[in-house]
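> I have a structure I would like to understand better, so I am pasting it below and will then ask my questions one at a time.
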């Protein structure tokens, strides 16, 4: 238990600092894109320019990490647990530095397409977050894994909340000789540099490695754990996760453009507050996991609760016309972040400890591959309905969320039947 506490103690500062930096980058990028596209003849043209840039940027961002992330995951599963974390942080540092140069030197907006290229070649978020999740999974037992993973997500969320609240105000700061957004972007680069130093020189990997080896030895002698590996459950969990990611990612990508147009027409401060509201969901979702765990709610049931929460909130978002209505819709999605970490926990119970890294990376990459199709589809639908019903894409996300509940409900039924069979055998 002491070793597990040490693991959490040393990974949390890295997760926190990196997510604050990420929040700074998200706000800076969103506002820079808006400013550069503001010369369009009308608002519809501006929205199309913004969504076209976001579509290309996000597709490159999702495609580039595929091969590097797989290679880094394999290296990590061989015992080099720092590699899938440190290498992506190099990409974060360099790519965020490019945004800073673009702001200061006033380069064309198209230069920013190099940001996801650099970021992806170093493994991107797929490798970084899978590496973090693999460490957390190795440091926890099966019974407590869902809470441990959600606790890491909580640190991630609190950091995003703090960073988002500050980012809008920091973006508006500027001095003589510096463009608006330069200070915010500089702080982002500085924080990523500190993260890189921390991960490379201060992260205590020896604790993770020792515990991982011990757990793997226990699993190799644990017949029940070995026999519990169920390919059907793994496939169902992947399908459920992919469908839910399509719903969330597609809806959130379009929401980033939706809030910049009338009737909301947000500025940098409101964008920061909106991102902070999204980060606040990490806290409410963590509280939900703790509450449901104490009530002995099964993991599969917690996933479905989170999906219902998001489906209702994103459906309501389709009819939002004022800022208070936006935050009300966000409040309905208070458990929306429960499904993904819980699905990861369920997956980790189906595979051995030496496969955590590659399993989590394959899950992340499956999200990215599916989004290569769904991102342009969502963008085309949003642009086609701008003049009639721009919120239609949010209803589409609600439908995908309902569909994602079908596979996870099957997993719940299979697991309940399996547990009942084990109890009968035990008696």
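Note that Cβ sites are derived from N, Cα and C of the backbone, with glycine treated the same way.
The transmembrane segment feature in TrEMBL is assigned to 85-105, 117-141, 153-171, 183-211, 232-259, 271-289, 301-321, 327-347, 359-379, 391-413.
So that I understand the layout, could you describe where these features sit and how close they are to other parts?
Residues 30, 47, 50-51, 54, 58, 266, 270-271, 274, 278, 303, 307, 310-311, 314, 317, 326, 336, 339-340, 343, 346-347, 350-351, 363, 366-367, 370-371, 374-375, 378-379, 382, 390-391, 393-394, 396-401, 403-408, 410-411, 414-415 of the same chain, all 6+ positions outside the transmembrane segment (232-259), place their C-beta atoms under 8 angstroms from a C-beta of that stretch.
If you look at the transmembrane segment (301-321), the same-chain residues 6 or more away from its ends with a CB under 8 A from one of its CBs are 146, 240, 244, 247-248, 251, 255, 263-264, 285, 288-289, 292-293, 328-339, 342-343, 346, 389, 391-395, 397-398, 401-402, 404-405, 408-409, 412.
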> Cβ under 8 Å to the transmembrane segment (391-413), counting only same-chain residues 6 or more beyond its ends: which ones?
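Apart from its flanks, the transmembrane segment (391-413) reaches 233, 236-237, 239-244, 246-248, 250-251, 254-255, 258, 298, 300-301, 303-304, 307-308, 310-312, 314-315, 317-320, 339, 343, 346, 378, 381-382, 385.
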> Name the range, of those listed as 117-141, 153-171, 327-347, 359-379, that has the largest tally of Cβ pairs under 8 Å with the transmembrane segment (271-289).
153-171
> Can you name the far-off residues of the same chain, 6+ from the ends of the transmembrane segment (153-171), with a Cβ under 8 Å from a Cβ of it?
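For the transmembrane segment (153-171), the far contacts come to 12, 15-24, 26-28, 31, 180-181, 183-184, 187, 267-276, 278-283, 285-286, 337, 341.
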